[in-house]
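Okay, structure first, notes after.
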Amino acid sequence: MSTLEGRGFTEEQEALVVKSWSAMKPNAGELGLKFFLKIFEIAPSAQKLFSFLKDSNVPLERNPKLKSHAMSVFLMTCESAVQLRKAGKVTVRESSLKKLGASHFKHGVADEHFEVTKFALLETIKEAVPETWSPEMKNAWGEAYDKLVAAIKLEMKPSS
């Protein structure tokens with residue numbers, strides 16, 4: 001497990017993240033796809049970062065590889081957020097974190113990409129749980145996302 005601290009993630013933030021994730025989880029596949037479509041809407045050039053989208057004539061919203069990738073990224077991001085306070089750190093398996101870091105490094109993912117992704121994630125969650133969305137919930141998810149990104153960035157180096 002990564003040892004990046006979950007300090008500063010309060011009980012209230014945890015409750016907001018857990019409550020919203022409980023409401024979203026049954027629709028994780030659909031929400032994951034919406035999340036990625038938002039990323040590509042904001043930054044169309046981001047599509048070039050995904051090898052499985054190159055030379056594909058399948059519309060993004062129907063692309064099975066994108067759907068699968070989007071769901072796994074959305075699930076990993078949300079599950080990481082939910083357990084942050086309890087574990088006291090980002091708990092993505094160490095091997096996964098190393099793989100994520102190496103992959104993001106290899107594809108040239110930069111800070112701007114992480115910012116676009118954060119914005120798209122927060123917008124996706126806001127649309128998924130409009131009745132409970134609040135500035136506090138936005139901050140809680142933003143904080144959890146920032147901790148995950150910091151853990152990934154620590155591993156952003158060539159794979160060995």
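Glycine residues also receive a Cβ, built from the backbone N, Cα and C atoms like all the rest.
In Swiss-Prot, the feature motif 'Homodimerization' is placed on 111-123, out of the ranges 46-58, 72-84, 111-123, 137-149. Swiss-Prot assigns the feature motif 'Homodimerization' to residues 41-45, out of the candidate ranges 41-45, 101-105, 126-130. In the motif 'Homodimerization' (41-45), the DSSP tally of helix, strand and coil residues is 4 helix, 0 strand, 1 coil. You'll find the Cα of Lys65 (heme b binding site) roughly 29 Å from the Cα of Lys138 (site 'Homodimerization'). Lys99 (heme b binding site) falls within a helix when secondary structure is assigned with DSSP. Between Lys138 (site 'Homodimerization') and Lys99 (heme b binding site), the C-alpha separation comes to 28 Å. If you count neighbouring Cβ atoms within 10 Å for each of the binding-site residues Ser51, Ser103, the highest count belongs to Ser103.
Annotation for His69 (heme b binding site): spatial neighbours Phe36, Phe50, Phe52, criterion Cβ-Cβ under 8 Å with sequence separation of six or more.
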